[in-house]
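Asker: Dropping a structure here in structure tokens format, bear with me for questions.
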Amino acid sequence: MTNKIKIGHVHMSGCTGCLVSLADNNLGLIKILDDYADLVYCLTLADVRHIPEMDVALVEGSVCLQDHESVEDIKETRKKSKIVVALGSCACYGNITRFSRGGQHNQPQHESYLPIGDLIDVDVYIPGCPPSPELIRNVAVMAYLLLEGNEEQKELAGKYLKPLMDLAKRGTSGCFCDLMYDVINQGLCMGCGTCAASCPVHAITLEFGKPQGERDLCIKCGSCYGACPRSFFNLDVIPEFENINEIIANALKEGESDD
């Protein structure tokens, strides 16, 4: 590949589980870094003090309002990035950090946390606690094709990313209640159980073929809403499903035998 894009990982208040999920791509991650992207910022992996110019910023974690450096960092990330991706449910919806009230070690004064979309404009949401390695990998490949691919590749990349861009436009709330209002109560649920399978705390069970949520267990991560095939209807993606999978597979295979 002639033109590699610049990708950065910006860590806010989170557990680093999303970065671990990214690393779980193993050879797929190496392939992306070899051929498609330069990792120009990542506090966990690289000694870079200041946020640089980036094509794609993967932001993990919510923003602590009492940590003024974090507030400035997220604003700086928006200024210096072409595409900002909320990586994981803490960045998308606040997740379990919404329940923080301060008093914890080592920063007892840190008591208020917001999803990044409450402070800046976000282009793409990747919900999940954590998101699957495959989803993160696919978004990275599609971001490259959107910025550096030919016209056909850019069109397919746009169609693939559209549902995740629509999630970003929807807002910063995500819980089983949204699934209940938008899907179940509208008669759209087909009882597939994907929402229950995606819940990281097992707050959703299937009762008589329909999902039932335990509000006391829900951590507001939005994984169920993002995973539900009926939470959005994207007629652009469905006819292109095979082409999109093929273009991702080809991108990851290309150049494997160049040694």
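Quick reminder: no glycine exception, Cβ is built from N, Cα and C everywhere.
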Asker: Which one, Cys90, Cys92, Cys129, Cys228, is listed by Swiss-Prot in the same [4Fe-4S] cluster 1 site as Cys189, Cys192, Cys195?
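Answerer: For the [4Fe-4S] cluster 1 site that includes Cys189, Cys192, Cys195, Swiss-Prot also lists Cys228.
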Asker: Need one residue: from Cys64, Cys199, the one Swiss-Prot lists with Cys218, Cys221, Cys224 for [4Fe-4S] cluster 2.
Answerer: Cys199
Asker: State the three-class DSSP label for Cys228 ([4Fe-4S] cluster 1 binding site), counting H, G and I as helix, E and B as strand, and everything else as coil.
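Answerer: The residue in question, Cys228 ([4Fe-4S] cluster 1 binding site), is coil (DSSP, three-state).
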Asker: Check the domain '4Fe-4S ferredoxin-type 1' (180-208) for me and report the mean pLDDT.
Answerer: 92
Asker: Sort the binding-site residues Cys218, Cys221, Cys224 by C-alpha distance from Cys195 ([4Fe-4S] cluster 1 binding site) and give me just the closest.
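Answerer: Nearest candidate: Cys224.
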